[in-house]
């Protein structure tokens, strides 16, 4: 079902070529995104998916879009500790991951509960605290009330019922697969431009390999060693909460409050277990961790060293690792904005008036 | 202070040229926007203004930008009856007007309380229910915590204190002045393409002139007869609430609940008085009126006829007027998205965590 993902092996090849010095901790940015066989990418589907991604009418209140929390203009996240959904609601303490390069995640969500971008997109749409749509039928009905969408879905999907919930998430996932950030300084370095990393970043690169960071943050995306799509790569976090430095961080940043993957599998061994997140663009994606509790990259690096490796870093080590992490910031594409189809005689959106009346009474 | 706005006289000239038939109700789309002498437009200022316009960090909760309510992808409004501000709050019942062509408004807001786009921008930023920033100083402080903005403001404004509240609104207003929609079918018609309007739209055009709509919806933007910037063109609405048809609409759509400009001047004669809104793009800007209570353009046209002119339209008249109003939809520009500068070590945005903790307890 998932196309073979050959580019993921590039990392291993590069590592082999450079065997004389320490192997770089991750591989080169993939030249292709993995695309499920049953949802091929086409320009028209990308166009529709972009409209849907930016359309707040996909939420109960009509003011929250995918882009609200996964802000394309803001490196693909909202830059906040947690996120605000419909009516200012805040869900359990999980920070919104970036949409950029999410096409490479082998599983989605912090707890890995979705095996594809298509499955992921269903979650927030129907979550009462996020986009709050009461049912997949309500989404279909709302879109069917917009003539521009009726035309677009018919063109992209055809058939007797062009607008279905499956088609909505297929289009959104297709747009998301275009949001990739290749050509970081690290990638240029791997391609042979030895000046793409300065001395500090190179030193940091060796630290990341030597300290053991790369045993989890592995592969081209620094998030798994090359597993097939749909296969999760998980780690307990915090791994060593008894380390005294880690214990301090755990208290200060509430790092052990979230049961993590236990919520999905209900296995004791999955308590505090999370998907290993990518290090790509990490320097421009503060705040950090599943609960977005740490604002500083330096602190995040120290927390990881203490809680996952049981190590206390020197100031210089931290500086060098941060320099290396900065070299993983890729080129963000220049995106054009979609033009959302109008709701003429917009009776479907007029239902929001009742919600707004309730909210006014809270002032 | 305001540059002369010569293009506004085009309408009068065109009307003269076509004196043989009924004069078209408004003039051709202006070729230039009026620009205040103390805030000249430059490419760099537009670039900065666009970043600020789309940046949710200009709100208390970090999730509401100018674009949230004046959605550039959505014809410049949010398409909702009212708007949601920070924490899902809803302000008094005033519908968000479109940002497109707002550069041509001689005054801003439904009650005309701001004389320029610069002044307008200050309102929502500091309104506790809209973007909720506690003070202009808090805005400056938050932006000063973002290195990318420090650089941009220094480049655009220079001087010892590049980041000031005045500079913030000057940049935002400058970006807004780029958001114009020329080249509607009506404009092509005025330029001599007689097929740009079909028979129904032409008939509607004559109705708009003959019924008296154009006595208020006058000039190139159909919102004033060519007044200088800063001068309001206001009308009472509903004007004839005693008309039985109007009275029904007033009850159904709560049209007489808003004191309008009375809130600004405290003059009895300004009760229920509002700025005359432009008819440009009106067909793609549902819902209608100051309280966004009417979802259908047909209904809006009938309400206006009954409440402002004391007339009851036939079905055909309404159809023709709607066809004409559709011909006023211009070309929306294809916009590229800005790239928002990062908040590295984002302590300023970490303050939002407290707000989010409070919101979680409401679930």
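Cβ atoms here come from the backbone N, Cα and C positions, even for glycine.
Because TrEMBL annotations are produced automatically, they should be read as predictions rather than curated entries.
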Same-site heme c 2 binder from A:304, A:337, A:349, A:350, given that TrEMBL records A:213, A:216, A:217: A:304
Env. residues of heme c 1 site, Cβ within 8 Å of mean position of A:66, A:69, A:70 Cβ: A:53, A:65, A:67, A:68, A:71, A:78, A:83, A:96, A:99, A:124
Rounded Cα separation (Å) that holds between residue A:213 (heme c 2 binding site) and residue A:70 (heme c 1 binding site): 27
Residue A:70 (heme c 1 binding site) versus residue A:217 (heme c 2 binding site) - Cα distance in angstrom: 22
Cβ neighbours within the same chain of residue A:69 (heme c 1 binding site) - under 8 Å, at least six residues apart: A:77, A:78, A:83, A:84, A:85, A:96, A:124, A:130
Cβ packing number for residue A:66 (heme c 1 binding site), 10 Å threshold: 25
Rounded Cα-Cα span from residue A:70 (heme c 1 binding site) to residue A:304 (heme c 2 binding site), Å: 24
